[in-house]
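> Dropping a structure here in structure tokens format, bear with me for questions.
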Amino acid sequence: MSMLFPLHQQLIEQFTIFLSVDRGIAPLSVQAYCQDILLFLQRVPIETTDMINQESVFLFVEKCHQAKESETTLARRLIALKVFFHFLKDAKLIHQQPFIEHPKVWKRLPSILSTEEVNSLLNQPLNTLNLDAYIANRDTAILYTFYATGIRVSELCDLCIGDISDDFIRVTGKGRKTRLVPISIKARQTIDSYLTMFRERFQKKNPSEEHVFLSIRGKKLERSCVWKRITFYAKLVTTKHISPHSLRHAFATHLLNNQADLRIIQEMLGHARISSTEIYTHVASESIIEKFHTHHPRSSS
């Protein structure tokens, strides 16, 4: 284990405040950033801020390679470093920001569920034998909400009663930015059914709880629980590796396949950059090619 200098703890504490207050970054993301920065401070190691320079970046990258870390992991660590160096410069703790060139990382195209697989997944909770009616209806509403809106799992867990209207849900995304996302009639019906017939049963244990989706203890549903529920149902309907994010991918890709505008999809997904949304154009293209080879009589000619 590398030595933890007093400076490390001091910098991490200040960086945490910077990320949380100045940048408005979610707690789990703050934790991930700080873990990467602490690793940098320990691996080099950094004893004073004067040691944070271009050479320290090169040394850190070299040690990451020695640890046989993937390019994706290294890219994530360097993104964290770039934000950290900006914080240090802004706080006048360093005079010059070290230059960081991100390694080239191929974007892995997500595995996309077909519409048939999505339909099977959406219906699975109510078709699962011996499943408590509250759990089944709550999970059905969760699945429909994911697929109808494309929101992230953290955004779903943060939904409150006041965020839901007849046609839209108000979503609080990264950087605490809010956006309005339209919701389908069917998804709204599953939410209404859950709210009127089942949610109250567990809210009695915690009457002041305003979050939409509750655990059996009447508390806000945790991300880990949502992941477990989704993967449980997914294993019953497909051999693909499925997570809550898979429904976000399916939402975007199926919209593109039906000629939806890319900019509108970007807004609904809450992507800051259009490049993050453009990956779905490649997935949609692959889907079109696959259908061509499957159905066109002369595709192999």
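All residue numbers here begin at 1 and follow the chain in the order shown.
Note: Cβ is positioned from N, Cα and C throughout, glycine not excepted.
Fair warning: this is a prediction, and the values are worked out from it, not measured in the lab.
Straight from Swiss-Prot, here's the annotation block:
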type	residues	note
ACT_SITE	ARG152	active site
ACT_SITE	LYS174	active site
ACT_SITE	HIS245	active site
ACT_SITE	ARG248	active site
ACT_SITE	HIS271	active site
ACT_SITE	TYR280	active site, O-(3'-phospho-DNA)-tyrosine intermediate
DOMAIN	6-89	domain 'Core-binding (CB)'
DOMAIN	108-293	domain 'Tyr recombinase'
> Using the structure shown, find which entry in ARG248, HIS271 (the active-site residues) has the sparsest Cβ neighbourhood within 10 Å.
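Ranked by other Cβ atoms within 10 Å, the active-site residues ARG248, HIS271 bottom out at HIS271.
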> Using C-alpha positions only, work out which of the active-site residues ARG152, LYS174, HIS271 is nearest to ARG248 (active site).
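Closest by Cα: ARG152.
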> Out of ARG152, LYS174, HIS245, which has the highest number of nearby Cβ atoms, where nearby means within 10 Å of its Cβ, if these are the active-site residues?
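Per the Cβ count, the most surrounded site is ARG152.
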> C-alpha of ARG152 (active site) to C-alpha of HIS245 (active site): distance in Å?
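About 7 Å separates the two Cα atoms.
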> I'm checking region-level scores; what's the whole-number mean pLDDT for the domain 'Core-binding (CB)' (6-89)?
89
> Give me the Cα-Cα distance between HIS245 (active site) and HIS271 (active site), rounded to a whole Å.
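A Cα-Cα distance of 14 Å.
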> Roughly how many angstrom lie between the C-alpha atoms of LYS174 (active site) and HIS271 (active site)?
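LYS174 (active site) to HIS271 (active site), Cα-Cα distance: 9 Å.
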> Which residue counts does DSSP yield for the domain 'Core-binding (CB)' (6-89) in the helix, strand and coil classes, in that order?
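The domain 'Core-binding (CB)' (6-89) comes out at 69 helix, 0 strand, 15 coil.
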